[in-house]
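Here's the structure, in structure tokens; my notes come after.
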Amino acid sequence: MVENHRREDHETGGENKEKRPKFFINDHVDILIEILERLDGRSLCVAASVCRLWCTIARNDSLWENLCFSHVSPPPSSVRSVVLALGGYKRLYTGCVRPVRSRLGRVRRASWARDEVQLSLSLFCVDYYERLGGSNSNGRLVEKSSPSSLMFLCKPVNV
Amino acid sequence: MLRYDSTSSSAGSSSGSLSSSSSSSKPPQQDIDGLLAGAGYKVRSSELRQVAQRLERLETAMGNSPADFSQLASDAILYNPSDLACWVDSLLTEFAEPPPTCSSDFIVDPVNNQTVVNSAWTAAEPHTPQVHQNITYDEQQSLDNQLTVVTAMEEDSGIRLVHMLMTCAECVQSGDLSLAASLIDDMQGLLTHVNTVCGIGKVAGHFIDALSRRIFQGMGGGSVNGGSAFENEILYHHFYEACPYLKFAHFTANQAILEAFDGHDCVHVVDFNLMHGLQWPALIQALALRPGGPPLLRLTGIGPPSPDGRDSLREIGLRLAELARSVNVRFAFRGVAASRLEDVKPWMLQVNPKEAVAVNSIMQLHRLLGSEQTRNSPIDTVLSWIRGLNPKIMTVVEQEANHNQPGFLDRFTEALYYYSTMFDSLEACRVQPEKALAEIYIQREIGNVVSCEGSARVERHEPLAKWRRRLSGAGFRALHLGSNAFKQASMLLTLFSAEGYSVEENEGCLSLGWHSSPLIAASAWQAVPAWDNHMSSS
């Protein structure tokens, strides 16, 4: 048995059919994508630091798109072009959707799910607009190097 | 210390006391609690805790055996209630309460205990401003009490500051400037005793500054309005970040405009104060995603002319155009530079008769109000040409305050209350430097309300009820803002902070407030068709 294992380590093709075939997930990227599609945001970020292949897959915006719309019915296709133009779904999720959802989690009503996403989109758009201003350093609006319209989402506000 | 030892009958009848051993020496006068003495009760400060506990037990006993009440009423021996300790003891024995064997029975919840003591402090405060110093408690209690003493002193200084501010404002109104000036000095001295980082001290500081400017520099406004347009924009931007008032205004107005533009392919928005154009990205995005596709959007932004040749309006327009291009919305921008809103003429806006027009005024209409109610005041002129544009919707957001009264003292009082509330709400913001700059923004408003007069005073806020009358009289009717706007506003507020801010709906208008004091109100209007040209007398 031990010899068989040793032999398999050195073989690349795996011609000898073992009673227990080794399964390496990275050989089956389609299954990997299916699994990663079902992860939540934090797990997806953790997954991105496993290896280069996982990182590449996790960066794929469509995974984050699923996360953004996980609680609502799929939006019309026009949404995708808008979101991609404004910076992509990963940015939308990490910057807006996740903090909005966690903040509203305490008082959320079931009907708010769609409105949460819409509000996130609006805030995302304001953020993109501010980033535009920062990059066009024309001497007037460079007071802040980083856009801050979403800062109230980042820092929890306690009265 | 067992209770019987501590009870000693002072001068007075009190025959019901079952104190066995007690030394009948008269307690030293300074040990009598001063605040309760003011109410007519003699209690030794050292006994306050025990008396409080016994009062609670008496209350429970009375509640438990109501049948004994009648007995008390008929057979009562008159005890001297001013000697509170003995009186309570005797009543307790009437209820046949078994005497406690050890002091552990008196482990009442210290929180409850504290509240009894605290209420004694706060209740007596208006009468005796002097704080009672010599109290002998066990360690924990004395520490808590010291804190209560400090708070009481600070509260006291804060209250005195407010009183002095009112008196000073009264002097200013009556013209007694020398007395007002001396009051300013006193108040500035008092400020050193008060915490000026937060609370009443901070707001009071700003009001004292504004008053002194009014007294010593006249009413031209001086440095208050001297801030350049650039500075104002920066402060405005930080005010936008630090608190939700402007965000609420923008999102609510956008929702109303979006609903009004439903079904139209050519739309035109006129913004009375463009600033950085932070309101419009969200509208552009919402139009991009509306079912049926985006319309052609024209935006006309009005703003002050920028110095040194830079065209700030055009820069903002370019940024908005870039955003619109990214999301595939056909967009055209036009900037109108005017230092005052009344200088704008409708032909400058180049409104196309076929397009749906929305007029957006975020805290701009109040600047047109003058103190004299003449026939062709700027507000009437502007409102009439707005009507002439026949807009699909006019969104009006204004501070919910009455800062345009003719009497200075009334105005001052209102402003003090309003801006205290606003500063309170700002405490929730933890983001620096946004918070500090937002405070400067508010401080400038305070300065204008208090220290300026005539044409220099532009912050002439009026409450929603007045705006309703004014706009109805000018040929507009109110549009209801709808549940979507309310839902969005509620969500937005929850993002900022779950407690404190509140949205209220009032006859179709939304107002945002801090702990149910409304601070800013948003409403939507539409021109009434077939309005007669002569003005109605009202």
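Yeah, the Cβs are placed from backbone N, Cα and C, and that goes for glycine too.
Per TrEMBL, the stretch carrying the note motif 'VHIID' among B:167-171, B:267-271, B:317-321, B:332-336 is B:267-271.
Ranked by number of Cβ pairs under 8 Å to the region 'Leucine repeat II (LRII)' (B:315-347), the listed stretches B:236-301, B:357-448, B:451-526 are led by B:236-301. Below 8 angstroms of C-beta separation, residues 272, 340-342, 377-379, 382, 396, 398-399, 404, 458-462, 467 of the same chain, each at least six residues beyond the ends of the motif 'LXXLL motif' (B:365-369), sit close to that stretch. Per-residue pLDDT, averaged along the region 'SAW' (B:451-526), amounts to 90 for this model. Sequence-distant contacts of the motif 'VHIID' (B:267-271), counting only residues of its own chain at least 6 positions beyond either end whose CB sits under 8 Å from a CB of the stretch, comprise 257, 261, 277, 279-280, 283, 287, 295-302, 349, 351-352, 355-360, 389, 391.
Secondary structure of the region 'VHIID' (B:236-301), assigned with DSSP and counted as helix (H, G, I), strand (E, B) and coil, comes to 32 helix, 12 strand, 22 coil.
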